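Undergrad: Below is the structure I would like to discuss, written out as structure tokens.
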Amino acid sequence: MKDKEIERLIKLEEKRQNGVINLIASENYVSRDVLMALGSVFTNKYSEGYPGKRYYGGNEIVDKVENLAKERALKLFGLSKNKWSVNVQPYSGSPANLAIYLALVPIGQKIMGMSLSMGGHLTHGHKVSATGKLWKWIHFGVSKKTELLDYYEIRRIARCEKPKMIVAGFTAYPRVIDFKKLRKICDEVGAIFMVDMSHFAGLVAGGAYPSPFPHADVVMTTTHKTLCGPRAAIIFSRKIKLHASSFMLHDLIDRAVFPGLQGGPHINQIAAIAVCLKEAATPAFKKYAKQVVKNAKVLAKELQKKGWRIVSGGTDSHLFLVDTWARGISGKTAQELLEAEKIIVNKNTIPFDTRSPFDPSGIRIGTAAVTTQGMKEKDMIKIAQKIDKILKSHGGH
Ligand code: DSN
């Protein structure tokens, strides 16, 4: 590179990434091919609109890229193009969620979702997010006793509030979601069922986590977590009409993404999405997804054996929460102690946390990135020993 300052920083970051044990549940390492597509000449091109309907000339190759990404997205999740549509233009998960709400729920009306403090996401209606300011959110959480989703309570709230949409999905809920039960609740109250599978999309693709597609109307996913692709998002929607209106869900979503919310799509990003979707369709990726979950289960179990309380008692996915405060170490302190020893995690609230989100009671641990590096169960046992030693030697009793 001619820009030596940035070149130096890229090399330093590469070295940092290679020199740590990365247990951030939402991160991963992409292939050279994904990086090449991201750094390709597609970054030079403007292509507002959709394939065949662009506002600029010179898009004949761009159209092929976007169509290929769409085809691969439907194929990866076994969806027929007669029943499902897909939009690959969202810049990332937050604008994708915003576009879905803008498309399908009139501003000011009710949406139900999991609260951030219980494991949801900022864009599931947190008050500091635009989503929380524009719609009236009814939040649900987990049962205090089991720390699992309480479907009886969700149904009770839904019947009472009659939301226009129910959003399922998490950033810090370790267990499987019963999509069938939530679908039933949506049908009972006339709500659209949307799933934000950003965290577990790669596991669904690899057959290591239940698929939301048989039950949901709309499914959003980012592509950079367990799916192992570029920072971006895609939205799947059923080709059905919105309630009694004559509008099709997918048309409303396409219009909300562009021109409603975004300008020109990032075609280099879409090319990289296409690459990761092809990689995720291989038998090697299936093996990977299963290993991610196996690793998370082993790591959680080993920490549990050493006396650390794991929220809900374990995990069915790529992530879990450790209640470090139960042994006198706050989440922030635990994160810092581990980082000093090159183990990267993030502090996280645990359900019914009594501490502040800036220094909560727990940490979140995920195994997608270390599994991409080839780690297996035996490595998880070693990591658990290391975490235990670091935290105990700094006062964890
Ligand atoms: N920030 C991501 C996570 O860590 O889960 C979600 O957007």
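All residue numbers here begin at 1 and follow the chain in the order shown.
Each Cβ is built from the backbone N, Cα and C atoms, and glycine gets one as well.
Per TrEMBL, (6S)-5,6,7,8-tetrahydrofolate binding site is recorded for Leu116, Gly120, His121, Leu122, Ser356, Pro357, Phe358. Look at TrEMBL and you will find 2-386 tagged as domain 'Serine hydroxymethyltransferase-like'. Taken from TrEMBL, the feature N6-(pyridoxal phosphate)lysine applies to Lys225. Feature annotation from TrEMBL assigns site 'Plays an important role in substrate specificity' to His224.
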Undergrad: Enter the number of other CB atoms within 10 angstroms of the CB of Gly120 ((6S)-5,6,7,8-tetrahydrofolate binding site).
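TA: Gly120 ((6S)-5,6,7,8-tetrahydrofolate binding site): 25 neighbouring Cβ atoms within 10 Å.
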Undergrad: For Leu116, Leu122, listed as binding-site residues, tell me which one has the smallest number of other Cβ atoms within 10 Å.
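TA: Among the binding-site residues Leu116, Leu122, the lowest count of other Cβ atoms within 10 Å belongs to Leu122.
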Undergrad: State the count of C-beta atoms found within 10 angstroms of the C-beta of His224 (site 'Plays an important role in substrate specificity'), not counting that atom itself.
TA: 25
Undergrad: Once the chains shown are all counted, how many other Cβ atoms turn up within 10 Å of the Cβ of the residue listed as 'N6-(pyridoxal phosphate)lysine'?
TA: 28
Undergrad: Would you count the other C-beta atoms found within 10 angstroms of the C-beta of Phe358 ((6S)-5,6,7,8-tetrahydrofolate binding site) for me?
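TA: Neighbour count, Cβ to Cβ under the 10 Å cut-off: 9.
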Undergrad: Can you tell me how many other Cβ atoms are located within 10 Å of the Cβ belonging to Ser356 ((6S)-5,6,7,8-tetrahydrofolate binding site)?
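TA: By my count, 12.
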Undergrad: Of the binding-site residues Leu116, His121, Leu122, Pro357, Phe358, which sits closest to Lys225 (N6-(pyridoxal phosphate)lysine) by Cα distance?
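TA: Nearest listed residue in space: His121.
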